[in-house]
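Asker: Sequence annotations record features per position, and here TrEMBL assigns active site, proton donor/acceptor to Lys88. Residues or ranges marked as NAD(+) binding site in TrEMBL: Gly192, Leu193, Gly194, Gln195, Val196, Gly197.
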Amino acid sequence: MTLTQPSPSLDALVGIPFTHERVLITTGARSGLVITVAVHSTRLGQALGGARMWQYESWTDAVADALRLSAAMTLKNAAAGLNLGGGKSVIHLPLGTALTEAEKHDAMLDLGDAIDSLHGAYMTAEDVGTNAELMAVVKERTDHVCGLPASSGGVGEPADATAAGVYASVVATLEALFGSREVSGRHIVISGLGQVGGRLATALAAAGARLTVSDVNLARRDLADSLGATWVSVDDVHLVPADLFVPCGLGGVLTARVIGELNVLGVVGAANNQLAQPEGAAQLDARGILWAPDFVVNSGGVIYLALASEPGADLDVVAARVDAIGDTVSTIFTDAREQGITTLAAAEHLAAARLDAARR
Ligand SMILES: NC(=O)c1ccc[n+]([C@@H]2O[C@H](COP(=O)([O-])OP(=O)(O)OC[C@H]3O[C@@H](n4cnc5c(N)ncnc54)[C@H](O)[C@@H]3O)[C@@H](O)[C@H]2O)c1
């Protein structure tokens, strides 16, 4: 008899209840890659969420990520006041895979076919591992894609708007903690200096913040040096005593251990799904650390994609909507304090109120 290790169930991998309207899991005809398109909710409108192309140990991990990320998009789009539902697509790259440009092209055509088969239930855009140029390839197979390069008539990639929304959230968090919106002189720790983290670090340095930064990609140290920021290893970054910790890398960074070791007064960052477990919100609360919920903080990109893509869009109006993320964060802090609930619960209530109103 052969004994094998029991494999974890998808339920355990996903970690949230299955409440999705529709999930398509398909093998790309050209690429051979497993593509998941998860439509969590269309109650407020077409589901919008980016296309992630990333390495996972198993295709089931990629499906689990799509299920989690699409549910978070429902909350994000609802809390942002957009008439859009939540969805996400994930292309599974087996560990060690490095796609050639031709293979990426094939993967995008496959993604476009998968999205088109849903007849408009879901609209995609760029996310980690994809970009505006690759969205132009998706467009060859479906109209349900946004954030194309300006050269293709699109509104471009959303990282500027995401960084602007995170900046507004940082200011709102400082105000809640210190009674002042002043950034100058505050010590802020940023983990992940990519598209969003790099822009945010540049803006915070220009405003006079003292920065400590980190990235798994050591090449990002050049940016840190140019901003006069202190560089620390990714293993130690959460230990640095500071005013704020700003996660701008991948999700799941706030594990029970990391939360227990944080040495800051607030956490506010761009990374999606920062809490490794939902209980992390209460753990942060119990430690007296003010957490600005990620799906509100990082909604600038989706606000930009949705509103700037509308015909005749006024970019000043779009920028004001992005800036108003700071007001939403302040409201969530106030609601949480007054109702004695976590900031996560307060943000979820905000999103649920919009979803419930749409159900009536
Ligand atoms: N780009 C957007 O508009 C947008 C919108 C909403 C949410 N987000 C989220 O914000 C986060 C950052 O997005 P991005 O577009 O800047 O991605 P990116 O890939 O450009 O940057 C991520 C950076 O984090 C680094 N990184 C990865 N793992 C890390 C770790 N363990 N510790 C430290 N650094 C690490 C990477 O090397 C990279 O430099 C992601 O979680 C993304 O889902 C981005």
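Even glycines carry a Cβ here, placed using N, Cα and C.
Whatever TrEMBL says is automated annotation, not expert-curated.
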Asker: Excluding Gly192, Leu193, Gly194, Gln195, Val196, Gly197, which residues of the same chain place their Cβ within 8 Å of the centroid of the Cβ atoms of the recorded NAD(+) site?
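Answerer: Nearby residues not in the site list: Ile190, Gly198, Arg199, Leu200, Ala201, Asp215, Cys248, Gly249, Ala270.
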Asker: Work out how many Å separate Gln195 (NAD(+) binding site) and the residue listed as 'active site, proton donor/acceptor' at their Cα atoms, rounded off.
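Answerer: Distance (Cα to Cα, whole Å): 19 Å.
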Asker: Using a Cβ cut-off under 8 Å and a sequence separation of 6 or more, which residues in the same chain sit near Leu193 (NAD(+) binding site)?
Answerer: Ala201, Val213, Ser214, Asp215, Asn217, Arg220, Leu223, Ala224, Cys248
Asker: Please report the three-state DSSP label of Leu193 (NAD(+) binding site).
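Answerer: For Leu193 (NAD(+) binding site) - judged by DSSP and reduced to three states - the answer is coil.
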Asker: Hey, what's the Cβ neighbour count for Gly194 (NAD(+) binding site) at 10 Å?
Answerer: 17
Asker: As a check: which entries in Lys88, Gly192, Gly194, Gln195, Val196, the recorded positions, place their Cβ less than 6 Å from an atom of ligand 1?
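Answerer: Those recorded positions that pass the cut-off, since their Cβ is under 6 Å from ligand 1, are Gly192, Gly194, Gln195, Val196.
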Asker: Applying a 10 Å Cβ distance cut-off over all chains shown, what neighbour count does Val196 (NAD(+) binding site) have?
Answerer: 28
Asker: How many neighbouring Cβ atoms, not counting its own, are there within 10 Å of the Cβ of Gly192 (NAD(+) binding site)?
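Answerer: The answer is 27.
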Asker: Which residues of the same chain, at least 6 positions away in sequence, have a Cβ lying under 8 Å from the Cβ of the residue listed as 'active site, proton donor/acceptor'?
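Answerer: Within the chain, the residue listed as 'active site, proton donor/acceptor' has Cβ neighbours under 8 Å at Val37, Ala38, His40, Gly49, Gly50, Ala51, Arg52, Ala66, Leu69, Ser70, Met73, Asp127.
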Asker: What count of other C-beta atoms do you get within 10 angstroms of the C-beta of Gln195 (NAD(+) binding site), across all chains shown?
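Answerer: So the number of other Cβ atoms within 10 Å of Gln195 (NAD(+) binding site) is 20.
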Asker: Excluding near sequence neighbours, so keeping only residues 6 or more apart in the same chain, what lies with its CB under 8 A of Gly197 (NAD(+) binding site)?
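Answerer: When sequence neighbours closer than 6 are ignored, Gly197 (NAD(+) binding site) has Ile190, Ser191, Val213, Asp215, Val246, Cys248, Gly249, Ala270 within Cβ distance under 8 Å.
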